[in-house]
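The signal peptide annotation in TrEMBL covers 1-20. According to TrEMBL, the feature active site, proton acceptor maps to GLU179. Feature annotation from TrEMBL assigns ATP binding site to GLY210, ALA211, SER212, THR213, GLN214.
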Amino acid sequence: MAIGAVFLIVLIYYARGGDAASSFDPDSPLSSLKSTTALNGDRHIYAAMLDAGSTGSRIHIYHFAKSEQGILRLIDEYFKENQPGIGAFANNSEKAGEKIQALLDSGMPKIPKGQVSSCLINLFATAGLRRLPEKQSNALLDTVCKYCGQHIISIREVIKKSPFKKPKSYVSILSGDNEGIYAWQTLNFLTGTLNSSNTEASYGTLDLGGASTQLTFAAIDEKTLKKFKEDIKTDEVLEQKFRLFTKSYKDMGLKVARVKVLAANPKSKDGKFVTACSPSGAKFSWKDFGVENNVSNPSDEKYGFEECMKEVKNYPKTDKIEELKVRKAYAFSYYYDIAVDLHLIGAKGGEIDIQKFYDAAKIECNKPKRDHDMLCFDSVYIINLLTEGFGLDLQSKLTIGKKINEFELCWALGATLEMLGE
């Protein structure tokens with residue numbers, strides 16, 4: 001795969017609000033800039049990317065404007081999500097096609113009628129399907145499923161029969177490494193740092209999903225390059241070569257970690273979890289990946305921050321990455337959701353240090369009554385993942401967000417740019 005090939009063809013910069021290299025400020029509200037409009041003489045390009053994720057399916061429709069000079073600018077994005085992810089339908093696959101068709105139906109009106117046939121489309125499934133056996137995941141993508149009460153069609157057929165323009169491969173499972181690389185491209189495209197000749201100006205990306213977590217950054221330190229040589233990939237952008245550390249950590253997404261950690265508690269049995277991350281006598285349930293999980297704590301169960309830390313601490317077993325401590329890092333997906341739930345950031349995001357996560361988690365975990373059943377566990381897991389897993393310390397700072405100037409932070413934009421360049 002020619003990663004980043006599109007950047008070799010044209011100079012690409014961020015359009016909503018102007019030049020992101022000068023306008024982006026991690027300390028300011030991240031969605032405050034207004035959209036720009038296309039310029040006279042620009043050619044309009046639309047592209048659609050479907051993200052069949054572990055916890056939901058999403059459609060992104062991007063509107064670009066390409067100038068007569070070959071400059072491609074991102075003008076607008078349409079985004080819609082439905083839940084749960086298609087992996088939840090491994091044993092009830094008729095629903096998977098319905099979910100994808102509903103997203104296509106919602107996105108179609110956002111594209112001018114004359115542009116639909118030239119709008120490239122692709123669907124990538126991520127960790128939710130990577131977790132399934134290959135035979136089962138491929139069967140789910142190919143399976144016959146009903147939608148609209150009349151038609152019988154597979155997920156691939158839903159895309160194939162749509163009026164969009166299809167590349168050679170338009171439904172597939174995205175590798176964990178490429179998921180990380182595409183997210184890195186998205187972030188550094190939106191912040192304008194892809195145009196910098198200084199590798200240290202780029203942001204590292206921390207993406208916490210439901211089934212897996214991805215970490216990607218431009219590695220400079222020779223110790224990193226040597227120790228993690230299996231995780232180093234070369235990405236060529238604007239005729240610059242970046243050596244990227246990129247790794248997808250299977251089963252270390254937030255939703256999978258919940259079940260793995262709670263199931264490891266010796267007191268958990270007969271399908272009911274016991275956990276020190278919830279108060280004594282707590283009884284509640286939640287559903288992930290189509291499976292209902294139940295917590296039923298004894299009335300005398302010890303709980304609290306310290307007890308929860310002991311329970312969670314040994315799960316994220318990875319090699320710590322010293323270079324990450326001195327690199328700028330941007331965290332999104334569940335990092336953002338949990339930081340918002342802890343009231344550490346507002347909806348527009350912001351910069352915090354891990355110590356603030358620690359302090360907020362301590363308060364949450366010591367409450368005898370909770371508004372969010374799993375917030376204590378989730379926040380403690382994030383602290384341990386960042387420190388015990390990746391090697392950051394409590395003073396390490398992260399910029400956390402969901403969007404930059406109204407564009408979603410995820411791998412989909414990077415994958416779309418790749419698709420346009422092929």
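Cβ atoms here come from the backbone N, Cα and C positions, even for glycine.
Recorded features from TrEMBL, shown on the structure.
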| residue | record | CB count, 10 Å |
| --- | --- | --- |
| GLU179 | active site, proton acceptor | 27 |
| GLY210 | ATP binding site | 26 |
| ALA211 | ATP binding site | 27 |
| SER212 | ATP binding site | 25 |
| THR213 | ATP binding site | 31 |
| GLN214 | ATP binding site | 28 |
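Annotation note: GLY210 (ATP binding site) sits in a coil segment as assigned by DSSP. Spacing of GLY210 (ATP binding site) relative to the residue listed as 'active site, proton acceptor' is 14 Å (Cα to Cα, whole number). The Cα atom of GLU179 (active site, proton acceptor) lies nearest to that of GLN214, taking the binding-site residues ALA211, SER212, THR213, GLN214 as the candidates.
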